[in-house]
Amino acid sequence: MVETMRWEQGSLVLLDQTLLPQKIEWITCVDYKRVKVAIERLEVRGAPAIGAAAAFAMVLGAREVADKPDFLGALDAVRADLITARPTAVNLAWAANLQYALAVRLNGEDKSPAAIIKALEEKAEQIYADDITMNKRMGEYGAAVLPDAAVVLTHCNAGALATCGWGTALGVIRSAYAQGKLKMVYADETRPLLQGARLTAFELFEDGIPVTLITDNMAAWTMRTKGVNAVVVGADRIAANGDTANKIGTYGVALAAKAHGIPFYIAAPTSTFDFSIATGAQIPIEERKANEVRHFRSEQTAPEGVAVFNPAFDVTPAELITGIITEHGVLKAPYTESIKKLQALLQD
Ligand code: MRU
C-alpha cells in the first residue's frame, strides 16, 4: 500500500501527490510554512491526511518558536496561520487545535518548551497511527453493509493517499476485497484535478483491486448499465444533522444513486464531524483558481479569460445518505440523533 507521509529525523516527508501517477517524489518539510504550502498546493490532500500533516506541522512550528519569550502566544499564531491553508476539511483545524490545547495544558503544568515539543511529537505520531487503526475498523463496519459481489462507485480519492493508510471509502473497499466480497470499483476521474484518475485508479491498480476508470459524466449511466449496487465516498466535514461536504461532484453522484435506488454511504472518522455546526449550510466551501478549469496542467483547454466557477467541494444533504460509516459503527437517519449519540460517546 502506498505511503502518504512519514516523520523522519524530526522532519515531515510528504509524497508529492500532484506528480502522481507519473512520478514518485518526496518533499522534506523542515518548517511549518512548508507544510502549509504543501496543503495549499494539494501536494498533501484528503481530510485525514491534511489533519495528520497539520499535527506534525505544529511540532515543526513549536520548534521554530521555542526560544520566544511568549512561546504559547507564538505557537497560537502558528496554529492560526496553518488552519487558513484550506477551509473545508475540518480535520486540519481539529488536529492543529488539539496540539495547541495540549501545549496549553503542559505549559500550565510548568513544562519546558522542549518537553512540550516532545509531547507534541508523540501526539502527532499517535494521530498518525490512530488514523490507520480507525480506517481498518471503518473498513470492517463498511464491508459488512456492502452486498456480496459488490460493484461500488466512488468519487475523488478517499484512499491510503488521503489518509495515513488504508483509506476511508477505499478502506471499506479494501476490506470488502480482502473478504472476497468485491467484484468491481468504478472510479470517477474527478475533474478538475483528477484525484480519481491519478490517485484512486493508481492505488487500486497497484494493489490488484479490480478498478474501472470513468469520467465524471459517465457515473449515472454506469449506475444504470453496470450493476452498481453501492456508492461509497469520503468526507471533508459532516454537520450535526449529517449534511456532508466532500469533493465537488459528490452531490450529483448522490442524486443519481437515489434515482437508481442505490445505497449511498459516507465513510469518515469522527475527526471529520463538526458538531458545532447545525447544517451543511454553515460549511465553508473552498473556491480555487480559475485556471484549474481553463487549463489541464499547462495545456489551455478553454478561452483565456472566460468566467469560471471552481468550488472544490459540495454538500450532500443528509436525506440522500443511506449511512455514515465511522470507526464506531454505521450511523443511520435520523442523523441529528445518531450524531448526538456519537458525540456523547466521544465525550465519555
Ligand atoms: O481536494 P482534496 O483532494 O483534498 O479533496 C479530497 C476529498 O474530497 C476526499 O474525498 C475527502 O477528503 C475524504 S479523504 C478520506
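Cβ coordinates come from backbone N, Cα and C, glycine included.
Just so it is clear, the model here is predicted, and its values are computed rather than measured.
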Can you pick which of Q179, Q195, Q300 TrEMBL lists for the same substrate site as R45, G46, A47, R86, N246, K247? Q195
For ligand 1, the recorded positions of G46, A47, R86, D236, N246, K247 whose CB is under 6 Å from one of its atoms are G46, A47, D236, N246, K247
Nonlocal residues around D236 (active site, proton donor), in sequence order (Cβ under 8 Å, 6 or more apart): A47, T88, A89, V90, N91, A245, N246, K247, T272, F313
Helix, strand or coil for A47 (substrate binding site)? Use DSSP. helix
C156 (site 'Transition state stabilizer') and R45 (substrate binding site), distance between Cα atoms, whole Å: 11
Rounded to the nearest angstrom, how far is the Cα of R86 (substrate binding site) from the Cα of C156 (site 'Transition state stabilizer')? 17
